[in-house]
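Enquirer: What Swiss-Prot lists as Ca(2+) binding site is 42, 44, 172, 210. The feature disulfide bond is assigned by Swiss-Prot to 150-164, 212-213. Residues or ranges marked as signal peptide by Swiss-Prot on the basis of sequence analysis: 1-22. Among the features that Swiss-Prot reports, topological domain 'Extracellular' is placed at 23-233. Taken from Swiss-Prot, the feature topological domain 'Cytoplasmic' applies to 316-469, supported by sequence analysis.
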């Protein structure tokens, strides 16, 4: 019984002694390692030999890509390892002490910085402890939020792929003193970004020579390759622009008498201008290249602007004053003949009026009125017009090929009317009939002028309809060509649509 209790107490005492000895070993080791240690001294056994530093990084997150300021913000953990000749110990002399940690500034560490840093402090890393094991192997893992300058190529925006470089190197050591070796980047803990897809982060070791020195200056450059996800921009910019450009085609379908053709065209043009300003706020103020979406907006604005100009011409044709003159011959041939035939358009009422005129090509002329004073004394019922109508009973219509005939209405050609006005006179003994004939001539002349004005107006209105239909087809083709040709010219258009819109 006593022997069992004695064994327990001995085991407990041995454990406490081991813990106290381990703490004592670690304390003594720290004192031995930092004794006569100079953090400014390069820890190598031979000063003529370079110190090899292995460098890598772990990309955790792409936080922001500022296209306007051309700055990439990333969350990165750096990984640096080297061997310190002065921080080695024999584990048998310090049992239980496998590794020790030194704070920043107490031991030597490489001054590796991000060359293309855009941070106000330049060095954005959090200085952590350096982990050292018994063989002198040192491991330094400082995390940081890095802001690096990156040239943003907006040529294919929003179907663009960006490549941002992260260039790391020693700030004061050359290649003969510090040999910087690259290791592959780690993206196993990467957090996906809602705007960018990470395609890869390949690295490359470079050596650069300066005129001042013969030794090389090595650096490690990692290229962050990322593809923009286009779903957001497609729903908020591209699709509204396509719909607005389609609305611009409705200008040619809107009747000219509605009075809203110009208003609709200008409204569409202003809408595209607003979207253009939204794109300009995102893009950097650079003249190196024009973004793809800006090209599409500009081409659409040009098409809409031309549609407004054509609408003005259409309205001018539609509301043309008949007293302003007849349609020029070349305009009639091009618009009313060629374009109307190509568009399969016919004048309103053309199929109804022309056959009737062809079957009854008759014209009534005042010259055919036979006035016979010798037929007997004129009888009167007390109405002056009755005498006139009695005199017009002999009026008849004769067939004539003249195009001035108006079917269903009494019409007289200008030559016949002038002949009647100057050469045809009734009998000298019937002044009432002469007055009636003069009134008939006036009425016929008014009808003829109205018919001519209606023909001129109908020609101009039909020409306006032809221009509207022709521009509707032409602008539809141009809009489709611009939409497909410009947007599909992006190298990764198919990949972006298949991945983001699927």
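In case you wondered, yes, glycine gets a Cβ from its N, Cα and C as well.
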Enquirer: Count the Cβ atoms, other than its own, that fall within 10 Å of the Cβ of residue 213 (disulfide bond), considering every protein chain shown.
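Expert: Counting Cβ neighbours of residue 213 (disulfide bond) within 10 Å gives 11.
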Enquirer: Given the binding-site residues 42, 44, 172, find the one whose Cα is closest in space to the Cα of residue 213 (disulfide bond).
Expert: 172
Enquirer: Once the chains shown are all counted, how many other Cβ atoms turn up within 10 Å of the Cβ of residue 42 (Ca(2+) binding site)?
Expert: 16
Enquirer: Spatially speaking, which of the binding-site residues 42, 44, 210 is closest to residue 164 (disulfide bond)? Use C-alpha to C-alpha, please.
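Expert: With Cα distances computed to residue 164 (disulfide bond), the winner among 42, 44, 210 is 210.
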Enquirer: Measure from the CA atom of residue 150 (disulfide bond) to the CA atom of residue 42 (Ca(2+) binding site) and give the result in Å, rounded to a whole number.
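Expert: Cα-Cα distance, residue 42 (Ca(2+) binding site) to residue 150 (disulfide bond): 33 Å.
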Enquirer: Mind checking which of 44, 150, 164, 212 has the fewest other CB atoms within 10 A of its CB? They're the recorded positions.
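Expert: Counting other Cβ atoms within 10 Å of each of the recorded positions 44, 150, 164, 212, the minimum falls on 212.
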Enquirer: Can you count the other CB atoms that lie within 10 A of the CB of residue 172 (Ca(2+) binding site)?
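Expert: Around the Cβ of residue 172 (Ca(2+) binding site), 9 other Cβ atoms lie within 10 Å.
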Enquirer: As a test of reading the model: what is the averaged pLDDT for the topological domain 'Extracellular' (23-233)?
Expert: 93
Enquirer: On the three-state reduction of DSSP, what should I expect for residue 164 (disulfide bond)?
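Expert: Strand, per DSSP.
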